[in-house]
Amino acid sequence: MGMWASLDAMWEMPAEKRIFGAVLLFSWTVYLWETFLAQRQLILLFGGIPYLWRLSGRFCGYAGFGPEYEITQSLVFLLLATLFSALTGLPWSLYNTFVIEEKHGFNQQTLGFFMKDAVKKFIVTQCILLPVSSLLLYIIKIGGDYFFIYAWLFTLVVSLVLVTIYADYIAPLFDKFTPLPEGKLKQEIEVMAKSIDFPLTKVYVVEGSKRSSHSNAYFYGFFKNKRIVLFDTLLEEYSVLNKAILEESGMEARKDGEGDSEEIKANVKNKKQGCKNEEVLAVLGHELGHWKLGHTVKNIIISQMNSFLCFFLFAVLIGRKELFSAFGFYNSQPTLIGLLIIFQFIFSPYNEVLSFCLTVLSRRFEFQADAFAKKLGKAKDLYSALIKLNKDNLGFPVSDWLFSMWHYSHPPLLERLQALESSKQD
């Protein structure tokens, strides 16, 4: 009776409190359920790691490689582990894309495109993961007492190289990048970049609408070679989705909408996605604020300090046989398994605390970037852009403060709007 009485009391609450309570309850339920179903917990429970290592050893044996070829066996282990992860995650990914995203109007993919994309991602991942892992393991093997320094330097170089080549060579394998056409928007972007000494060289539009209607913008590049990338779904005048709406409404793309009925105009206005040019500039003002305020450099420094600390602690712990025995490795101590055990499992409490600290820092950076856009005189346009983007992405504006504090790298919408409100009124 007590439970039913509580439910009756909940339904007697005001509608806004019922909605908030339902969202809060669902968020925490999903979090607990995902934690319970985490793959690594199931793998640990059923001894999946030592089994997969033995299986990779058998495959190597069939190819004529004995136990002394540890790096070769490690690469086979990585291939099998990533293949297992991809196959077990595929049903959930399909459900997320073709049920949840489809239900809410975000999915733009066909099943064929999705599968082709998944295979391509797997192949590209292996082309990067396997060579990098083999070199890292080799450095650890021959590095002597100070191998952790060489391993850290190697991962630093690899990360910088990947950041440099990603947008030019890896991202185009999945999405089409085209230069932003000459016009008022491009000119205003160049003027804004010049006003804050941002060394802009190119502005691209990525065809994100073929995959999803979610929108985004970012910049990349080192030193004097910075580039800005805008998703076509961010640009109201450029979005393929808006053009499709015009066609479905029986409207031709004319200037000022001449000859169209008021009903059709209202319908298109309600469905239109993306931001006006002024709002796009405000969003870019926020993004460029991250650069001007040194957020990107600070994140890289923090990441590399953490990486160095982890490799140092790995060097201290790698010789402890009890760590390997605890995970089912009684007769061998493979380096790759040591990396997996220490980085993923032993460091997991530390990683959770670090993740929370980085989330707090990220939210602080977001407020600072918003404040930078305000200094550029973009407060009003950023205010409206944030509302549009939240609406386009079907974001829920109300968040439980405790859940959002732990999980959200960006401040909730209402907090950001409140911070912008005074400047907007001015």
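Each Cβ is built from the backbone N, Cα and C atoms, and glycine gets one as well.
All annotation found in TrEMBL is predicted automatically rather than curated by experts.
For 38-176, the entry in TrEMBL reads domain 'CAAX prenyl protease 1 N-terminal'. Positions annotated as transmembrane segment by TrEMBL: 75-95, 122-140, 146-167, 308-330, 336-361. Per TrEMBL, the feature domain 'Peptidase M48' maps to 180-422. As annotated by TrEMBL, Zn(2+) binding site applies to His286, His290, Glu366. Annotated active site per TrEMBL: Glu287, in sequence order.
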Query: If you draw a 10 Å sphere around the Cβ of Glu366 (Zn(2+) binding site), how many other Cβ atoms fall inside it, taking every protein chain shown into account?
result: 21
Field: Rounded Cα-Cα span from Glu366 (Zn(2+) binding site) to Glu287 (active site), Å
entry: 9
- line: Note: vs the transmembrane segment (122-140), the recorded stretch with the largest number of Cβ pairs under 8 Å from 75-95, 308-330, 336-361 is 75-95
Message: List the residues in the vicinity of the Zn(2+) site, defined as same-chain residues other than His286, His290, Glu366 with C-beta within 8 angstroms of the site's C-beta centre.
response: Glu287, Gly289, His295, Phe365, Gln368, Ala369, Asp370, Phe372, Ala373
Query: Taking 75-95, 146-167, 308-330 as candidates, which has the most Cβ pairs under 8 Å with the transmembrane segment (336-361)?
result: 308-330
Task: Mind telling me which of the binding-site residues His286, His290 has the densest Cβ neighbourhood, counting other Cβ atoms within 10 Å?
output: His286
Cβ atoms near Glu287 (active site) (within 10 Å, other residues, all chains): 19
Message: Return the average pLDDT for the domain 'CAAX prenyl protease 1 N-terminal' (38-176) as a whole number.
response: 88
